[in-house]
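Please read the structure below before turning to the comments.
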Amino acid sequence: MILGNFSGLSEFRLLGFSEISHLHPLLFVVLLSLYILTLMANTVIIFIINSDNTLHTPMYFFLTQLSCLDICYLSVIIPTILENLVVGTVSISKARCAMQMFFFLFFGVAECFLLAAMSLDRYFAICYPLHYTIIMSSRVCRSLVAGSYICGTAVGLVHTLTTFSSAFCGSAIDHFFCEVQPLLDLLCGNTFPREIQVIVVAVFAILSPFLLIIYSYIRIISTILHMASAESRQKAFSTCSSHLLVVILFYGTASSMYLRPKSSYCAPVDKILSLSYSVVTPLLNPIIYSLRNKEVKGALKK
């Protein structure tokens, strides 16, 4: 009978931050400010790189792609969060919820693989400097970006199609957008196969590019330590430090969210984790790259 009530489910209710409704006005101002700052910061990065010929290199090509992904990634969920903070519980159609999940996963996974591509770029630049321009040709760079988007599309489709082809036994999502984990709680019957699917896909989408990044940095650090002069070592480290900080921020929060069983889920904690990697990280990325990169700061002065 319960299943019959929800088999024709056409919309969900996003509970958002209902447990702290008294803080909604403050959260609205904070998140709207962060959203505007993120849009401005990433747009400035894109404009600077495209307008300065000295920055037309593979590293900055990947950085413009990262900024574009951050803008899109954030824009998928922020409007829903702001609506939730204004009106309280938000009703969202099943189709819109499915699209939100797909695009969130698409942009998030594409960013994982793009960060791996950026680590490869640094690896070849430092470990094979004489062959760098040949290895990292414009064709190779475009292929790596295209591969990132293809992986994002595949993961988004797998999760979205399998989740929304299942029967739901509830309509209240205890989150501020259509996230994978809260939707698992609404599925009817045994959700263990879906939990395994989430972890397996997360291993592919999060852990495999992260292992590639780790391998690249092991080789990079080994090469840097064998450099003769301290100035060369410092210069090499400075070209990698910004990317490494971004990787730690993004992968640290994303892996803690997806690489664990459903039994360890906690709605308040999950909401904080989601905010950290979906709202805070896109703002910090351009700040990290602009503050720690002499070439970007030089272009900013121009």
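Note that Cβ sites are derived from N, Cα and C of the backbone, with glycine treated the same way.
These numbers come from a predicted model, not from an experiment.
Taken from TrEMBL, the feature domain 'G-protein coupled receptors family 1 profile' applies to 41-289.
Residues or ranges marked as transmembrane segment by TrEMBL: 26-48 (among others).
Under the heading transmembrane segment, TrEMBL lists 60-82 (among others).
Taken from TrEMBL, the feature transmembrane segment covers 102-120 (among others).
Per TrEMBL, the feature transmembrane segment maps to 140-158 (among others).
Summarising the annotation, TrEMBL assigns transmembrane segment to 196-215 (among others).
Counting only same-chain residues 6+ beyond the ends of the transmembrane segment (236-254), those with a CB under 8 A from a CB of the stretch are 59, 66, 108, 111-112, 115, 118-119, 122, 125-126, 206, 210, 213, 217, 220, 223-224, 227, 273, 276-277, 281, 284-285, 288-289, 292-294. According to TrEMBL, the feature transmembrane segment maps to 236-254 (among others).
Panel annotation: around the transmembrane segment (274-292), residues 31, 34-35, 37-38, 41-42, 44-45, 63, 66-67, 70-71, 73-74, 77-78, 104, 108, 175-177, 179, 238, 241-242, 245-246, 249-250, 253-254, 257, 300 of the same chain, lying at least six beyond its termini, place a Cβ under 8 Å from a Cβ of the stretch. Under the heading transmembrane segment, TrEMBL lists 274-292 (among others).
When Cβ distances are compared across the two stretches, the transmembrane segment (140-158) makes contact with the transmembrane segment (60-82), since 3 or more pairs at least 6 residues apart fall below 8 angstroms.
For the domain 'G-protein coupled receptors family 1 profile' (41-289), the model's average pLDDT works out to 85.
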